[in-house]
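Peer 1: Mind looking over this structure? Questions follow.
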Amino acid sequence: MSGAALGMEVVVVFFLALFLLHRYGDFRKQQRMVLFGTLLAWYLCFLIVFILPLDVSTTIYNQCKVDHKDHDLANSSVTPTKSDVTSCYKPWSYIPDGILPVFWRVVYWTSQCLTWLLLPFMQSYARSGGFSITGKIKTALIENAIYYGTYLLIFGSLLIYVAVHPELHLSWYELQTIGITAANTWGLFLLVLLMGYGLVEIPRSYWNASRHGHLLIKTYFKASKLMTEKADAEENLEDVMEEVRKVSESIKYNHPLRKYIDTILRKCPLDYQEKMGRNMDDYEDFDDKQNTYPSEKSLVKLHKQVIYAVQRHNRTRVQWQILLQQAIHLEDVAKNETSSTHQFVHSFPSSEPAGWFSRYVYTPSVEWYWECLLKRWFYRLLSVVLTLFSVAVVWSECTFFSTRPVLSLFAVFIQLAERDYNYLYIEMACFITIFFLCTCVYSTVFRIRVFNYYYLASHHQTDAYSLQFSGMLFCRLTPPLCLNFLGLIHMDSAISHQKKEPTAYTSIMGSMQVLYFIANGFYIYYPMLIVILTIATYFSLGTRCLNLLGFQQFMGDNEMTSDLIDEGKELIRREKRKRQRIEDGENRRREWKERYGNPREDFTARNRSSHEMKETSYSDSVASHTRQAKYSRSGSRAERDCIELLQDAEPLDFNADSLADDALDTESTRHAGGRYLSMSSSWNRIFDDV
């Protein structure tokens, strides 16, 4: 089994990163470079988290061998007992010497190159509106000039400081350690902020999820805010498309900049492309003397605006459909809670046929017990367990520097298992602990939103900039997170000051004693700030501050929040009525098709017979009209309903605002189409289509 666990986790972590990227990114539309960079950043960070428990168990085994070797040297004249020989055995996931240091060195430096050099460049490249690779590279270099210049300034200042002070003899190893320490210090500063929020918000979110009434009200609030954002996105898209239309009409087919216009048009939605194509006269020549044309720089800016507007519009549209489905489901849960039949009934059943899982396992009865009874208690129990974990993390963050006595709870658990060399327990305890820490930090990264510049949206709606920014954050947060975890379990000798075998991960980080004030000051006392952050998050101080600044947040005791809840409730009710009308129309069509067959074929046959009748003589036409009028007057109402059904018109949403504006358009459309028999103005041909 030597190395098998390492290889297995490498494969599993790759598919985990690929699954998350598929959920948030879009493999078909986004650039391959963006997807590859994000996948590599996520993969390396998850790999560090999953492999670190194996490093801990391997280090404990190596420490066990060192202790037994020292014991044998001290008692060489004493014959070892059987218990002394067998107490230190090799773990099943043991990784041979020399593999982990090389592995950590490759993973760490690759992730650092990504987060500090490549991903910032790729961000600017992906957001650039350039029409060529050269133009995009030029734009990315200009935007990152200040970013890279800052690195050179810091590095140059450090070299000058070392040159001025001859007493400082810094080798390449020490310079490397200073760079690693600086990067980890920056990451630890952000890590504590994100972890303090996640330690409180994750247990609270599961507790609130068990309260269906609270969750439904919050969904109404989100619906109101999302509808405002959706309307703003649609308005922004209209403005950008209007600007594209003007530019497209001014630059004709034989203009040198026309190829750039065609590139911009391909990024527009299809309906806008069709409108602009119909209104465009490409056979009109351009005249440089009479018209003023936009520059290539303005077209690059317009191209960037089009990409952003289309992405935002698609994202809000998809999010609205998802939120609408969630609101309808929560309303169904509220209705079914009082059901005496214990059968879950959906307001809008799925049109797709039920699979074997829904027919035999997740039946309506099982669904009722889960949604209305068991789910809330499961979430409450999970919230209590996560709360205990959060309390243990906060306590350990404040006491992990104490080695005598050992106050960190996670260090106590690991040391108890270390006495019996229970490697499986050690690995599981380490994995659960670091997985919880990563969940608190990474979930905050997935939740935070910086206006419209950074926002991770599921269902393939995340833009390239946000994907790469998340990769940068992961690469900067994961190394200090792992060092913080090793400090919690007293496996980092730079913090615990114990003479132990160092892990392979801490060995590549170098000795933190090069910067004494950071190793013995910042790394120990700054994590205590997490107590203040958790208290502030518990009392929602950040939410209240944002609400005071004008950013509407969900506040239960706020008048504006109540207004937004009422507005969201009305929006959901309106969407449900619209969906109900569409479903009723589909049911009526399906019912008439089952009763009368395929109405389109019958309608086509009647039109064909009508053409043949038009070619007959006048006397035959009059006689035919007489007979058909007789049969038409004696027809049943069901036949007239069937004729009306042949129109295949969508149910209309009549309201006071649109009725007056659409009346003339509707009437003219029906008359032009020739499909509404009762609206036809030609009485002498009324029976031709019967």
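The backbone N, Cα and C atoms fix where each Cβ goes, and this holds for glycine too.
Taken from TrEMBL, the feature coiled coil applies to 223-250. For 601-617, the entry in TrEMBL reads compositional bias 'Basic and acidic residues'. As annotated by TrEMBL, compositional bias 'Polar residues' applies to 618-634. Residues or ranges marked as region 'Disordered' by TrEMBL: 601-634. Look at TrEMBL and you will find 6-22, 34-52, 106-125, 145-164, 176-200, 377-395, 424-445, 525-546 tagged as transmembrane segment.
How buried are these features, and what lies next to them?
Peer 2: Distant neighbours of the coiled coil (223-250): 261, 264-265, 268-269, 272, 275-276, 279-280, 291, 293-294, 299, 302, 305-306, 309-310, 312-313, 315-317, 319-320, 323-324, 327, 552, 564-565, 567-568, 571-572; these residues of the same chain sit at least 6 beyond its ends, with a Cβ under 8 Å from one of its Cβ atoms.
Under 8 Å from some Cβ of the transmembrane segment (6-22) lie the Cβ atoms of residues 35, 38-39, 42-43, 46-47, 50-51, 54, 93, 95, 99, 103, 460, 467, all in the same chain and six or more residues away from its ends.
Remote same-chain partners of the transmembrane segment (34-52), defined as residues 6 or more beyond its termini with a Cβ less than 8 Å from a stretch Cβ, comprise 6, 9-10, 12-14, 16-18, 20-21, 25, 27, 100, 103-104, 107-108, 110-111, 114-115, 118-119, 122, 126, 430-431, 434-435, 438, 464, 467-468, 470-472, 474-475, 477-479, 481-482, 485-486, 505.
Distant neighbours of the transmembrane segment (106-125): 33-34, 37, 40-41, 44-45, 47-48, 136-137, 139-141, 143-144, 147-148, 151, 183, 464-465, 468-469, 471-472, 475-476, 478-479, 508; these residues of the same chain sit at least 6 beyond its ends, with a Cβ under 8 Å from one of its Cβ atoms.
Taking Cβ pairs closer than 8 Å, the transmembrane segment (377-395) reaches residues 195, 199-200, 202-204, 206-207, 209-210, 407-410, 436-437, 440, 488, 530-531, 534 in its own chain, all 6 or more past its ends.
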Peer 1: The coiled coil (223-250): mean pLDDT?
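Peer 2: Value for the coiled coil (223-250), mean pLDDT as a whole number: 92.
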